[in-house]
């Protein structure tokens with residue numbers, strides 16, 4: 001629209017780590033399963049201290065006899081139903097029970113006495129989200145997604161009423177503060193409460209960033225929305241490196257939360273959207289911003305800009321009913337609702353599945369992120385030449401076929417399964433990014449944020465289903481699941 005300053009603002013705002021939080025992808029590393037843990041026998045801590053055992057020695061005395069005598073138990077969710085006291089031998093603890101072998105001793109379910117070789121590596125080991133508590137990890141992700149739902153409604157509406165920049169800055173502040181509290185939460189309840197709030201503010205940063213960039217740069221350059229997604233992709237590619245270098249989940253959480261405080265400096269860098277100011281009957285402020293941008297770029301504003309006026313009838317508060325008020329608007333809204341839902345479900349499902357399929361999590365996550373770059377490039381090459389609908393349709397078909405094929409490929413050919421799944425990831429990424437682009441093109445400024453909020457609601461509602469679906473797949477298709 002006006003040259004270099006909008007482009008600088010765009011590059012600044014897209015480099016927002018809270019976008020990783022808003023997508024919920026960080027849970028792949030925050031909630032990764034601990035490598036080595038077991039259920040501690042009551043009295044084992046005191047006995048271990050008296051006997052001078054290392055953790056490995058305690059584990060051998062606790063788990064090895066259990067595995068030898070009870071082949072169905074690995075010592076993670078069940079333990080021997082015994083108590084070790086001061087009379088137990090340091091060299092042969094089970095000798096205290098006479099001639100009974102571990103196979104003849106009864107077992108009991110472990111509830112809250114687990115030992116981890118790396119106790120702070122993830123929220124799973126921090127809050128004992130294993131065995132019978134494993135569903136609580138999926139609950140934490142669902143709570144985050146519920147925060148996205150709340151943020152889509154509350155902060156989306158607030159941004160249309162009170163301004164894009166104000167809500168963006170408040171959201172960045174909220175993400176940073178809540179992120180710190182989440183990292184040092186004393187218990188799982190506090191963790192969930194501020195995880196929810198972080199979801200609320202995370203949604204605010206993502207939606208406001210996207211809308212203000214597309215409004216500042218002008219209608220003829222909204223392809224920059226695809227560039228925003230490319231910055232998001234770079235964040236995905238960097239995230240596994242951060243997780244690899246930082247051994248604790250608190251460190252990872254802080255790494256993606258603290259930078260949000262730096263974005264408060266945008267108050268002095270990024271102007272309010274002139275388009276939004278015009279819709280709120282603030283033409284003088286809009287003209288001042290456009291004059292500043294033109295001056296910064298060594299240009300002059302055309303005289304006809306000074307004639308910008310807006311009637312009182314045009315200054316209306318947007319409503320969700322406006323999205324279905326006319327037949328054309330209803331058609332667009334219903335199509336985009338379905339497109340957002342399917343794209344979000346498939347995209348998030350493919351990403352979240354990386355945490356449960358095994359293999360090298362860091363490498364697989366990096367590759368799955370890297371494949372999004374050619375997806376963005378394909379969109380940039382094709383979208384202005386052949387339109388939006390054809391690439392959108394083809395990318396959805398490719399993603400659907402690839403996902404169906406992946407489901408039936410044998411597990412003993414992991415490279416083929418990963419290749420086909422990656423092709424599906426490329427397809428659904430294209431579809432997802434096109435939906436974002438079209439969403440800003442089909443609606444006027446007064447409804448753009450309302451529509452983004454409404455679509456983000458479906459986006460977040462769909463994301464809420466993903467943890468449940470993955471938990472179901474892990475449980476139902478597990479060999480231990482009763483038939």
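A Cβ is built for glycine as well, from the same backbone N, Cα and C atoms used for every other residue.
Between the listed ranges 296-317, 362-383, TrEMBL ties the annotation transmembrane segment to 362-383. As annotated in TrEMBL, transmembrane segment covers the listed stretch 252-270 rather than the other ranges in 252-270, 271-289, 442-460.
Beyond its flanks by at least six residues, the transmembrane segment (415-438) meets 210, 222-223, 225-226, 229, 336, 339-340, 343-344, 346-347, 350-351, 359, 364, 367-368, 371-372, 374-376, 378-379, 383, 388, 391-392, 395-400, 402-403, 405-406, 409, 455 of its own chain at Cβ-Cβ distances under 8 Å. For the transmembrane segment (191-213), the partner stretch with the highest count of Cβ pairs under 8 angstroms, out of 165-185, 225-246, 252-270, 362-383, is 165-185. If you look at the transmembrane segment (165-185) against the transmembrane segment (252-270), you find at least three C-beta pairs under 8 angstroms, all six or more positions apart, and that counts as contact.
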